[in-house]
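See structure below.
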Amino acid sequence: MEQDVESPITIRQPKLPKQAREDFCNQGADKERAKRKIQRYVRKDGKCNVHNGNVRETYRYFTDIFTTLVDLKWRFNLFIFVLVYTVTWLFFGMIWWLIAYVRGDLEHIGDNQWTPCVNNLNGFVSAFLFSIETETTIGYGYRVITDKCPEGIVLLLVQSVLGSIVNAFMVGCMFVKISQPKKRAETLVFSTHAVISIRDGKLCLMFRVGDLRNSHIVEASIKAKLIKSKQTKEGEFIPLNQTDLNVGYDTGDDRLFLVSPLIICHEINEHSPFWDISKSHLAKEELEIVVILEGMVEATGMTCQARSSYVASEIQWGYRFSPVLTLEDGFYEVDYNSFHETYETNTPPCSARELAEMTTRAGMPVSWSFTSKLNEQAELETEEEEEKRSHSNRDQTAQNGDVANVENESKV
């Protein structure tokens, strides 16, 4: 009996062109990079994303207890503030009650013949209230110490001195914490993106800073650091290596007069870590640019520092910042609605090294965009094709004319 044998059928996938395959692979890589979470060294709000673990020498925090209290969060600071005063009042109230208990004042309450250490002290609650009145120098006049109690006089002196120390320490902590210029940094803004484009014929990395307050930052200065892991020639791996980015240290452009928003520029030259990075290479890099703006607050004279960062996905290649400063009737106006806006401009996608080499070989100005160059080449190719077509049409016309002449001669 014959049996039908099923032959396996293989379905071949259509072969894509090389450019389409590369685009498909690049799209897959971009999706994988988008899924991968970007780990920042410094967050956009300026807070450092670093936690100290396994600190065994915790006693160092108590040697500088003042700074430790100031660095605590507000809820813990207020809790310690209330706790310290309550404990001192309870502690000295307990001692006042013990003195009255040892002397027997509590057993002679209402006895006019007995001279107590503290008048009208008849229990722990009254001793606690007397401790509060003594340390806070309220002095209602109902409970008073007598001159027949030397131990009470000594305790009064000790509590007065210690109370003054506690007041100075705790009030000083609260004053320093309230007057910290951290909140001043909230009105110092950075652009959400950094850009790379041509400026003055050179490839530059730029970002924008601004101050929202009318009271300005005195002696403001800016600096930038590149955070990127590297491996030395000897094979040593250095995680999160810090490299300075020159934002005008040599020329003094890093010292700012921050009255209106300013664009900070880093020239990409042979000394820059971006010298060999192109547009396609930048999308694959795992790097972070940390920018630090610091200066003195004009109102208080205290030093203020604001920070932000840009990862590789936040660096726009081939863009510039939109202008925000306009001249009005008698004054300049800053439009902060356009502070973060950028617009696209013609920028070569190659690295600064390749751009310098091409410029040297071809004698082409750096500001010449590759887009315009390609457009010119396309126009030249179009003209050449039109010329070829016209020549072919002429030849065909000539051939048609020759054929017609031959036919006429044959007819004759």
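Easy rule for this one: first residue shown is 1, then count along the chain.
Glycine too: its Cβ is placed from the backbone N, Cα and C atoms.
Residues annotated as region 'Disordered' in TrEMBL: 1-21 (among others).
The feature domain 'Potassium channel inwardly rectifying transmembrane' is assigned by TrEMBL to 42-181.
For the transmembrane segment (78-99), the list of distant contacts is 69, 72, 105, 117-118, 121, 123-124, 127-132, 134-135, 149, 151-152, 155, 159, 162-163, 166, 170, 173-174: same-chain residues at least six beyond its ends, Cβ to Cβ under 8 Å. Residues or ranges marked as transmembrane segment by TrEMBL: 78-99 (among others).
Residues or ranges marked as transmembrane segment in TrEMBL: 153-176 (among others).
Model confidence over the domain 'Inward rectifier potassium channel C-terminal' (188-358) stands at 92, taken as the mean pLDDT rounded to a whole number. Annotation comment: TrEMBL describes 188-358 as domain 'Inward rectifier potassium channel C-terminal'.
Residues or ranges marked as region 'Disordered' in TrEMBL: 373-412 (among others).
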Worksheet item: When DSSP states are grouped into helix, strand and coil, how many residues of the domain 'Potassium channel inwardly rectifying transmembrane' (42-181) land in each?
Response: 87 helix, 4 strand, 49 coil
